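Visitor: This is the structure I want to talk about, given as structure tokens.
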Amino acid sequence: MGSVRTNRYSIVSSEEDGMKLATMAVANGFGNGKSKVHTRQQCRSRFVKKDGHCNVQFINVGEKGQRYLADIFTTCVDIRWRWMLVIFCLAFVLSWLFFGCVFWLIALLHGDLDASKESKACVSEVNSFTAAFLFSIETQTTIGYGFRCVTDECPIAVFMVVFQSIVGCIIDAFIIGAVMAKMAKPKKRNETLVFSHNAVIAMRDGKLCLMWRVGNLRKSHLVEAHVRAQLLKSRITSEGEYIPLDQIDINVGFDSGIDRIFLVSPITIVHEIDEDSPLYDLSKQDIDNADFEIVVILEGMVEATAMTTQCRSSYLANEILWGHRYEPVLFEEKHCYKVDYSRFHKTYEVPNTPLCSARDLAEKKYILSNANSFCYENEVALTSKEEEDSENGVPESTSTDSPPGIDLHNQASVPLEPRPLRRESEI
């Protein structure tokens, strides 16, 4: 009789439980075994939403309120604006009420509330709680109407005026600092940093590559921009421990430095699927039946404030398009470059993309088709060039050296010089 696991993250305590978890892991193509069962599983809950928010809830946190109050400044910066305004108003009103009560007690103990008393009062014209409250407001806000003022009759009253002035300055500094820090947060900068809706896998420089596109909608630059990516999936260790979210780094050029990007126009981030890649053994069929999530991160400093911002998104396995490329968005004109963001999320299919894994491709188990086939990006670039020439009055055909039997497509299919694997805008 198998044992029951009381904790979903505990060590597997029996062979039966181990077989159950092994079946779960093998089903999505990431088990420890060599066989893969291609059965479509229910998609996992997204760990990072498309807008960058983490889909995580914290429960059973001990002394949560005390911990948040201990770091009250960060708490005020992180909370919503409506709660910030509530704290702003309460801080001033409570301080006015507190010192108003103090001045009223001083007047009460000194006998200033007795109208028949003719001796000098501690605070002139303070003969009720309302008057004491108004004097407190005038002192802390330095209004000074002139009717109510402290005298030298009571040293304690003089001390309280000085003390309230200091407390008022502290409250002003704290509130203004929190509001300015909240306004200067680079969080809203992420609204103008966009990731493509889908990632793609296609051939680039003779190798299978995972690619996604990132763009900056503002003209202001993102200083020291760099990208990172991680693959999240569940796995079982050799000791039988079930890890629900194992994080594996995806190399996007950290060693060579090409993870640092100049984000002026949309850029395609490229991950070469080599022997060190977690996608090395996955074919198109494996991707279609896999259950994992790729988290992509863009970091940099906001040019206006020099504060670091981080933009996040993620791609599930069913959001990766095998055999697709992104449509070009950057077009060269006479005096400038233009970016067409209506094409930012669009892809087109590349029919000759191998369906096997990168391992099988590296081991020559798949024969590639002619690499010099006419490319869609070349067609778009040539079409744009022809339109520009026609607008300038240049004849469409100006070359007389080409043989009559060779068309434009064959001319465009001349092999180009191999270029190093770098992420760039595709023209």
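Each Cβ is built from the backbone N, Cα and C atoms, and glycine gets one as well.
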Visitor: Which one of these stretches, 76-81, 106-111, 142-147, 376-381, shows up in Swiss-Prot as motif 'Selectivity filter'?
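Guide: It is 142-147 that Swiss-Prot annotates as motif 'Selectivity filter'.
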Visitor: Between 8-14, 43-49, 141-147, 358-364, which stretch does Swiss-Prot give the note intramembrane segment?
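Guide: Checking Swiss-Prot against the ranges 8-14, 43-49, 141-147, 358-364, the intramembrane segment one is 141-147.
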Visitor: Apart from its near flanks, which chain residues at least 6 from the ends of the intramembrane segment (129-140) lie with a Cβ under 8 angstroms of it?
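Guide: For the intramembrane segment (129-140), the far contacts come to 92, 95-97, 99-104, 107, 123, 148, 161, 164-165, 167-168.
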Visitor: Which numbers of helix, strand and coil residues does DSSP report for the topological domain 'Extracellular' (107-128)?
Guide: 4 helix, 2 strand, 16 coil
Visitor: Over the span of the topological domain 'Extracellular' (148-156), count residues by DSSP class, listing helix, strand and coil in order.
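Guide: The breakdown for the topological domain 'Extracellular' (148-156) reads 2 helix, 2 strand, 5 coil.
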Visitor: Cβ distance under 8 Å to Cys76 (S-nitrosocysteine), same chain, sequence separation 6 or more: which residues?
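Guide: Correct list: Met84, Ile87, Ala178, Lys182.
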Visitor: For the topological domain 'Extracellular' (107-128), give me same-chain residues lying six or more residues beyond its boundaries with a C-beta closer than 8 angstroms to one of its C-beta atoms, as numbers and ranges.
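Guide: That would be 135, 147-151, 153-154, 156-157.
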